[in-house]
Amino acid sequence: MKLLQLPREQIVPQRKGIFVFLSPGISLSSGKRSHQVSHSEQVEFEEMRLQSLEALAGMLCSFLVKNTKLACCCGSAGCSLCCGCCPKVRQSRTTRFMYLLYFILVVGLCCVMMSSSVTKQMKEHIPFFEDFCKGIKAGKTCENLVGYSAVYRVCFGMACFFFVFCLLTLKVNNSKGCRAYIHNGFWFFKLLLLGAMCSGAFFIPDQETFLNAWRYVGAVGSFIFICIQLLLIVEFAHKWNKNWNAGTASNKLWYASLSLATLVMYSIAVGGLILMAVFYTQSDDCTDNKILLGVHGGLCLLISLAAISPCVQSRQPHSGLLQSGLISCYVTYLTFSALTSKPEKIAQDEHGKNITICAPDFSQGLHRDENMVTWLGTFLLIVCIGYSCLTSTTRSSSDALQRRYGAPELEVARCCFCFGPDGEDTEEQQNVKKGPRVIYDEKKSTVYSYSYFHFVFLLASLYVMMTLTSWFHYESATIETFFTGSWSIFWVKMASCWMCVILYLWTLVAPLCCPSRQFSV
């Protein structure tokens with residue numbers, strides 16, 4: 001850091017051989033001589049003092065800009081990647097990833113709270129564990145800090161954190177405002193605020209009433225979060241088909257790409273239903289699984305026929321089998337996920353031995369190492385929720401939920417159509433080749449809705465809370481038994497599957513039911 005150098009006479013002005021410091025209105029002396037500062041000299045000295053303070057402030061700002069880690073944590077500067085070999089990053093992306101990091105930290109804490117094995121290990125290996133629990137008034141074995149009630153409290157604090165920022169960033173369209181600076185920086189203070197909110201939730205009075213009321217709030221919020229994800233999946237299917245269809249006008253190879261993608265997705269859907277029929281049904285039992293697979297296979301056939309029916313094609317010529325194939329794949333995935341979430345069905349064989357039926361035989365081998373399965377599944381759950389949050393908060397996703405689309409003639413076919421067009425950042429990256437590692441891509445306006453971003457993370461907090469506590473079967477829920485099956489999780493996934501089919505069918509038949517309105521898919 002280069003120190004600011006000022007001429008000596010500016011720092012210590014000299015009057016008649018007497019050193020006068022930047023402190024007006026006092027008598028200064030040097031040896032036996034004294035000089036009383038006059039009013040004009042006071043004004044002059046005050047101006048010099050202000051100039052020195054401004055120079056000091058500029059030096060401090062320069063130091064913060066050059067040391068981006070400090071400016072990122074305690075100021076409004078954007079965060080850069082810690083590794084010098086990493087590419088330059090956008091401010092908008094680093095901001096979203098920082099909030100995602102906070103989200104993952106709290107979810108990881110919730111997973112630890114739901115783990116009975118972690119509590120057991122702490123009790124066995126931490127000295128004076130019981131005395132510590134009594135000292136903080138958390139129960140004899142810290143039972144108030146573990147289990148579903150602790151997860152409810154921590155997630156309440158995280159939900160309040162995102163709710164506060166959702167209100168704080170309402171109608172923020174300019175990244176240069178004070179509220180935008182708060183959103184994009186001050187990460188250390190935000191971490192303290194998040195920790196304070198999560199800790200303060202344990203001091204809420206009348207815990208029983210709070211938990212009962214918060215449970216239903218969590219269920220409603222989780223339902224909204226699932227609806228947003230399903231809407232975006234349906235919109236993604238239509239966007240995919242429209243983008244690749246736009247390329248067929250100039251290059252016929254896009255027809256081959258559409259056909260190949262459609263064939264692959266239908267192969268996955270049909271193959272998945274056949275495999276589930278083989279492993280999750282038996283000739284003389286498993287009637288519920290047979291009915292379920294038959295109904296979902298019929299739904300896949302229904303949406304495929306509806307997509308290519310003449311009445312739908314007349315109003316929506318872009319509708320085709322690509323969208324229905326993608327929705328069929330998603331229905332197959334949800335069906336498989338629901339079947340694996342069902343509680344095990346036990347029956348006796350001819351030798352009187354209890355065996356698990358209506359489930360594949362190799363499932364017993366998969367669950368031998370319960371800890372590995374539990375923590376791997378939890379990691380995948382966190383990754384999926386985090387990815388859903390990030391993809392749900394982009395500008396294109398927000399526009400899709402509000403039914404705002406670009407002009408069809410401006411559509412440019414791309415293999416990776418879900419990202420921006422190539423060369424979008426060329427100008428920005430050219431301007432920062434030798435500059436800071438953060439690309440300030442929001443100089444003109446925000447590239448995503450700040451308040452909507454925090455609202456989605458608020459709903460994701462509620463969804464994580466309900467999922468980790470097995471929804472309404474929370475009394476005996478632990479992270480170790482999370483993947484052993486629960487009727488609550490089974491019916492949530494079934495409802496999600498049926499809702500996805502209904503949403504897709506509505507996008508097909510809505511123009512027929514409301515011919516006076518304009519629909520664009």
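Here the Cβ of each residue, glycine as well, is placed from N, Cα and C on the backbone.
What TrEMBL says about a protein is an automatic prediction, not a curated fact.
Small disclaimer: the values here were computed from a predicted structure and weren't measured.
What TrEMBL records for this protein:
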type: TRANSMEM; residues: 97-118; note: transmembrane segment
type: TRANSMEM; residues: 150-170; note: transmembrane segment
type: TRANSMEM; residues: 182-204; note: transmembrane segment
type: TRANSMEM; residues: 216-234; note: transmembrane segment
type: TRANSMEM; residues: 254-279; note: transmembrane segment
type: TRANSMEM; residues: 291-308; note: transmembrane segment
type: TRANSMEM; residues: 320-339; note: transmembrane segment
type: TRANSMEM; residues: 372-390; note: transmembrane segment
type: TRANSMEM; residues: 452-474; note: transmembrane segment
type: TRANSMEM; residues: 486-509; note: transmembrane segment
Checklist entry - Taking pairs 6 or more apart in sequence, does the count of Cβ pairs under 8 Å between the transmembrane segment (452-474) and the transmembrane segment (150-170) hit 3 or more? => result yes
Item to check | Contact call for the transmembrane segment (486-509) against the transmembrane segment (254-279), three or more Cβ pairs under 8 Å | outcome: no
Checklist outcome for this item: Best-packed against the transmembrane segment (254-279), counting Cβ pairs under 8 Å over 97-118, 150-170, 216-234, 291-308, 320-339, is stretch 320-339
Next on the checklist: With CB pairs under 8 Å as the measure, which of the listed stretches 97-118, 150-170, 216-234, 291-308 comes out on top against the transmembrane segment (182-204)?
Outcome noted: 150-170
Checklist entry - What same-chain residues lie close to the transmembrane segment (150-170): Cβ under 8 Å, and 6 or more beyond its ends? => result 103, 106, 109-110, 113-114, 144, 179-180, 182-183, 193-194, 197-202, 204, 211, 214-215, 218, 221, 450-451, 453-455, 457-458, 461-462, 464-465, 468-469
